[in-house]
C-alpha cells in the first residue's frame, strides 16, 4: 500500500514541476506536442543571402566573369559553415544583376539546392549599360522583405565600384533604412579605382576598416570568417531571446523531503468485494523535509505570454526627407489632403523629342515702349497667365472701411519688418493671468537717490523685550544697514499690505538647516525594458515524464526529523515614515562633500519663534561686489496697490526668433465681410512666379501702341520662329551691345594693276641696318605664328568626330573630350569652302549632333558641342561608325574624309552592326579613321581593346593610346594634325631648300620625326625678308592640297634662285597680270598661278569654272610663260 502511495507522490511531483519554466509558472497548460515543435524551431536559424552582381558597362568581360566565379566559390564556403551546440542553419540564396535595369534570377521563391543556384548564376548575361546602385539596393531590400523568412538573418553582398551614373539617386537614406530593418550589407570593390566613401555609406562600416577587393586572392576566406561571426552573433540572440510576459505566480516552496522509512509488509488481506470502496479520508500533511541543494541554472525558458501593450511613447523627431522612390501602381484616391509647402525645384529633365509645330513659346522680353493710349476693351480671352509685370505706381490710400466679418483664415508667412509706428494711447487696464517667467532683462538705470540725510551713529542701548508686531509702515526705504549677526528664526508674520519695495542685497550664507523628513514612497515605476539575454546555461538533466495514473493511497508516514533553519525571506515592503524625533544637538560646522540629490521631502513643521539675538554693532565694512540677479519671487497675496504714474517708454526689445511649426490645415473660406479700412503703405517684395496655366486661345490683335523706350531686358530662351507680324510703329531702340568677334574672313582678291607712278628723286643713303634674321629664326617664327601651318587652315577637309559617351567614360572625362573637340576645331578654317565638321555622340544609341552641312561658324559649332548630353550607357562603336559612313555620303568629291574616334573601351557584343564590315565599308569609300583610345596597359582588357583599335584605324600609326583623359589635350593636338595635314617639316624644307630644322624649332615641342615626310609635296615659292620692304606689300599665303598626284622628276626639280627677286612687269602673256579667282564650282583641282609681287608661281585650288585666266597646269608652264629674267 505504501509503495502505491509513493509512486503516486512521484508522479504528482513530476506533473507539478513540468509546469514550471525558469522559476515561473505558466498561466495555462499547453500541449506537449506544441512544446516539442517549438523546441525544434528554436534550434534552427534561418539565413537569407542576396548576391548583387554589377552588370554595368564598366565591368564587362573579365570583371563580370570574375564576379560570377566569386559567387560560385563563396556559396560553397557558406554551406560549409557549421554552428555550435545543437543549432542548425537553414540557408537560402538569391542573386540579382543590375545596370540601368535590374534582373532577379534566381529569387528565394525558386530556391531548390545549391547546384541549381550556381547554374543560374553562370547563365547570367551582361546588361552593359549605366551603373544605378540605388535600384539594386531597393530591389534587394524588397526581395528580402517579401520572400525572406521572418526572424531570419538577412545579408546582402554588393559588388560594385561605387562610381554611379550622374542620374542615380542618393543611396544613403535607402541603405540606412535597410540596415535599420535588420539587413546587413557587405560591399566588395571591383578594382582599385573605387569610391570608397560610397561603399562605406552603404555598408555602414567605419573608415578604419579596409575595403574588400574582388582581386584579393583571400577574399572568399575573409568573407567566410565575417559571415561566421555574423551568423553566430545573430542566431544566438534569436534562440535565447524571449518575449517579456506578465509576472508569473509565486513559485512553490522548496522540494519535498525524503520519503519516510519503508514499513514492513503487512499480511495479505482477504479478497474484498468487487465494488469500489469510498475514498478514504485525507491524511494530515507531512512535515516539510530538508531544503535541497540549489540546482544548476536551467536553459532559457520558452517565451511567456505576450505582455500588455505599453503606453504610447512620445513622437520621435521628424526624420529627414527621403528620396523619391520608384513609381508604384496607382493607388485608390485618398481623402483631400492638407496644403503642403512649396517643394524644391527638381533636377532638369532630359531633352524631349521635338513636338509638332504649334503656337511658339514666349519670345525674348522686348524693350519697354512709350505709354500707350488706352484702346477699346477687347473680348474676354481664355489664356495662360503671363509673368508678373513690373510694380505699378502707388495709388492714393482709400477710405477706411467697416470692419470685416468672417472666420479667421490660415496664418500667413511672416512679412518683412515694417517701420516703427507712433506710440498709441494708453489702453484699459485689465489684469490678466500671471504669465510665464520671462528671461532675465538687462540691468536698469540707477534710480534717483532718496530724500533725507543720514544721522549720526548712536550709542547702543540695553536690549529691551520684543514688542508686538506693528502694522506695515509707509515711507521711503532707508539706507542699507550694517550686516548683523544671524538671529534665531522668528514666527512667520501676517501678509503685509503695501507696495513691494526694491530688492535687497543678498545676505550672507546661512547655517545648514536640519535634515528634512523623509518623503513618502513614490508610485511604482513603469515596467522596465527587457534585459539583455543571459548566457546559455549548461545542459540540464533530462526532463520529467508525463504524470501517470493516480495510484492507491499510501499509508501515513512516520513523523520526519525536524528540518534545518530556512534562509531569511525576501525583504518586506517599505514601512510608513516614523514620527519625527527630537532635534539633535548641532554638529560640527565642517561641511562635508555634497551627497547625491535626495527626493523632495514634504513640508516641514514651522519652528518656534526664537529669542532676539544679541547684536553688537561692528565697524562698517567695505561694500561687497554686486551679487547676481536673483530669480523673480512668487506671486504675492496682497491687494493691488495704487496705480503709479505712467513710466517712460522702454527701448524696443530684440526681435524674437522665427517660430518653427508645421503648417496648419487650411480653413474653409469664411463669409465675405465688408471691405476693411485702408491699411498703411506696405513694403513688400515680388512674390514667386506662379505656375504656368493652360495655353489660351490667341486674342485679337490690339491697336498699335505708342510707348517710350524702356530698359533692355535679359535674354530669354530661344523660342520657335513665330509667324511674321505686321509692320510696327515705334521709335528706334538703343544701340545694341558689341557682338563677339567673328571668324577671320578670307583674303580678298587682288586688285587691278595700277598705272605706274612717276619715278621719285633718289634719296639719301640711310644708315647701315641690323643683321637680318637667320634661317632657323625664320622657321621658328613661322612655326609660332602658323601653328600647324597654313596647310590645315586652307586645306579642304571633311572631318567627323565620333565621341564615346558610354558609362565607363564618366561625366568629368566627357567634359574633357568636349573641350578637346572645340580646341581641334580652332586648328581648321571652318567654312563651307574649306573644312566642314560633323559630330556623332554615341553610347547604347547614336545621336547625330551635327552633320557636315550644318555649321559654317565656329561659335555655332562650339555651342552644339557644349549642348551635347552625357548618355552613360553601353558602347556601340560599330553603329556609330556606320552613322559616320552615312554622314560622309554628303562629302564633296575629291576632298579628304577623316573620322576621329575617341573611346575608352571595346564595342559591345550586342551591337547589331558588325565592326569588321563597317570598317571595310569606310575603307572602300576612302575614309581615313584615326583612333584615340584611353585605357591603361595593365587593364585586363587591354590586349583585346588594342586589337580592336588597330582594326578600326586605317593605319597602325593612326592609333593613339593614353592612360587617362588628362593628358589628352596637351600631348595630342599637334601630333594628330601632323597626321591629318601634310607634314610641316617637308613644307619648310621645300621653302628654304635645306634639311629638317634644328631641334627646338619643331611643333610646340613635338619632334617632327614622328611624321613621315611625303615626297610628292612640293612648294616652289621664294620668301623675301628685307628691311625696306613695304609692310603692305606682303607675299600671299601659299595654298596646299593632300593626295596630289606624283610629279615627274623634271617637275620636282626646282631651279635655285636668290631669295630676293626683283619684280618684272614686262610679262608678254596678259594672263600673268590677271588677279587670282578660284571660281565658284565644286570640282576642285590643283593649278598654278603667277604672283607678280614676288615674281614666282604657286599652287591653288581651282573650282573648275568661272575662274581667272591666271592659271596653269604645271609649275613649269607657269614659269616659262610669266617669269622674266
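Each residue, glycine too, has its Cβ placed from N, Cα and C.
Sequence annotations record features per position, and here Swiss-Prot assigns signal peptide to 1-23.
If you look up Swiss-Prot, you'll see 48-227 marked as domain 'VWFA 1', on the strength of sequence analysis.
Under the heading region 'Disordered', Swiss-Prot lists 242-769 (among others).
Residues annotated as domain 'Collagen-like 1' in Swiss-Prot: 243-274.
According to Swiss-Prot, the feature compositional bias 'Basic and acidic residues' maps to 291-309 (among others).
Taken from Swiss-Prot, the feature domain 'Collagen-like 2' covers 301-360.
Taken from Swiss-Prot, the feature domain 'Collagen-like 3' applies to 383-405.
The compositional bias 'Low complexity' annotation in Swiss-Prot covers 437-446 (among others).
The domain 'Collagen-like 4' annotation in Swiss-Prot covers 501-544.
If you take every residue in the domain 'Collagen-like 5' (545-583) and average the pLDDT, you get 63. The feature domain 'Collagen-like 5' is assigned by Swiss-Prot to 545-583.
Here Swiss-Prot flags 642-654 as compositional bias 'Pro residues'.
Taken from Swiss-Prot, the feature domain 'Collagen-like 6' covers 730-769.
Taken from Swiss-Prot, the feature compositional bias 'Basic and acidic residues' applies to 735-753 (among others).
The domain 'VWFA 2' annotation in Swiss-Prot covers 798-980 and rests on sequence analysis.
The region 'Disordered' annotation in Swiss-Prot covers 999-1066 (among others).
Per Swiss-Prot, compositional bias 'Low complexity' is recorded for 1045-1056 (among others).
Sorting the disulfide-bonded residues 1072, 1081, 1122 by the number of other Cβ atoms within 10 Å puts 1122 first. Of all the disulfide-bonded residues listed here (1081, 1097, 1105), 1097 has the Cα closest to the Cα of residue 1122 (disulfide bond). Inclusion criterion for the disulfide-bonded residues 1072, 1081, 1105: a C-alpha placed within 10 angstroms of the C-alpha of residue 1118 (disulfide bond); this criterion is met by 1072. According to DSSP, residue 1097 (disulfide bond) is assigned to a strand segment. Taking the Cβ of residue 1097 (disulfide bond) as centre and 10 Å as the limit, one finds 23 other Cβ atoms among all the protein chains shown.
The C-beta environment of residue 1105 (disulfide bond), restricted to residues of the same chain at least 6 apart in sequence and closer than 8 Å, consists of 1079, 1080, 1081, 1083. Its Cβ placed at the centre, residue 1118 (disulfide bond) has 25 other Cβ atoms within 10 Å.
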